[in-house]
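Swiss-Prot has this to say about the protein:
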| type | residues | note |
| --- | --- | --- |
| MOD_RES | LYS30 | N6-acetyllysine |
| MOD_RES | LYS46 | N6-acetyllysine |
| MOD_RES | LYS60 | N6-acetyllysine |
| MOD_RES | LYS98 | N6-acetyllysine |
| MOD_RES | LYS98 | N6-succinyllysine |
Amino acid sequence: MPYPVGQTTGLVGLAVCNTPHERLRILYTKILDVLEEIPKNAAYRKYTEQITNEKLAMVKAEPDVKKLEDQLQGGQLEEVILQAEHELNLARKMKEWKLWEPLVEEPPADQWKWPI
């Protein structure tokens with residue numbers, strides 16, 4: 001359900017999205033596509049995939065903008081879209097960084113000891 005023309009989010013620098021459901025479906029699908037390239041046993045994939053699938057199901061099930069905002073609990077849908085864009089960028093970086101692989105070298109023995 002598109003917002004009425006001329007309505008504002010009330011947040012500086014955050015424009016109204018006229019098709020928030022479509023935009024969120026696209027973003028969540030892209031996130032899931034990137035996650036499929038990460039090993040299934042990686043913690044990041046496991047938990048991000050679960051959360052993203054839950055959010056995608058909410059977007060598909062709830063056509064009302066206000067009700068969806070309440071269900072997602074992330075503010076206005078434009079804010080949720082921004083969060084999803086950030087998550088997509090992070091997923092791509094996690095894939096690039098390959099954090100699931102073992103360390104190249106062992107960390108120093110007292111690396112986390114404080115005070116030194």
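Here the Cβ of each residue, glycine as well, is placed from N, Cα and C on the backbone.
Taking the features listed in Swiss-Prot, we show where each one sits on the structure.
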| residue | record | Cβ contacts under 8 Å, 6 or more apart |
| --- | --- | --- |
| LYS30 | N6-acetyllysine | LEU88 |
| LYS46 | N6-acetyllysine | LYS40 |
| LYS60 | N6-acetyllysine | ARG25 |
| LYS98 | N6-acetyllysine | none |
